[in-house]
Amino acid sequence: MIVIFLGPPGAGKGTQGKKIAKKINVPHIAIGDIFRTIIKTSTSEAELINNYVRQGELIPNEIVNQVIKNFLLSSEYKNGYILDGYPRNLEQAQFFESFITEKIKIIYFDILDELLIKRVLGRYSCKNCGKIYNSYFLQPKTDSVCDVCGSSTFDYRKDDTEEVIKKRIKVYKTETYPLIDYYKNSGHFYIVNGSKNEQEIEIDIQKILKIN
């Protein structure tokens, strides 16, 4: 099974991607995580990518396409996967279809801009296990202690400022809305209400994918 999660940054794709991937026993591939890993390396490619991220701009198609193709052609992904954050535009979708022959399902996370900004501004994660929290909506049960692993070290994304987020949303809409129209005619396009809480969204996705 190949499932694509579409939606603006902070819509909940990563959280749901990890959960659903575990349920159906396939890898979760998050393009944002891949590029954040690259940025931590001391390479010219990392510096180039980091410049786009800091300015709230989308990374050029040719860079994104090559990175994601290298991942997906690995034997690790031959039995399917959940793809989070790719493709983002028509050019990327057409590139994806040029080397992927399996049927796919596309799930779009529809969410209000105001809620999206709060979700992104408040987002942080445990450095040890990666559990995601939010200073507005989801704090650890014990202050500064991860619910999952007990670590007290957390990671706050420095690129998540309100100005950058608003620019990212604007760029996303310009780039991705034509892609949504394209996929709507595929017969395999579904919309979930990203403004619902985490558990409700998970249930909606499970119904779409016909899993328990």
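Glycine is no exception: its Cβ is also placed from the backbone N, Cα and C atoms.
AMP binding, as stated in Swiss-Prot, involves ARG36, GLU57, LEU58, ILE59, GLY85, TYR86, PRO87, ARG88, GLN92, ARG157; the candidate among ARG119, ARG168 given for that site is ARG168. Site annotation (Swiss-Prot): ATP is bound by GLY10, ALA11, GLY12, LYS13, GLY14, THR15, ARG123, ILE132, TYR133, and the candidate from LYS69, LYS184, LYS196 recorded at this site is LYS196. When the Cα atoms are compared, GLY85 (AMP binding site) and GLY12 (ATP binding site) turn out to be 11 Å apart. A straight line from the CA of PRO87 (AMP binding site) to the CA of CYS129 (Zn(2+) binding site) spans 27 Å. Looking at LEU58 (AMP binding site) and CYS129 (Zn(2+) binding site), their Cα atoms lie 27 Å from each other.
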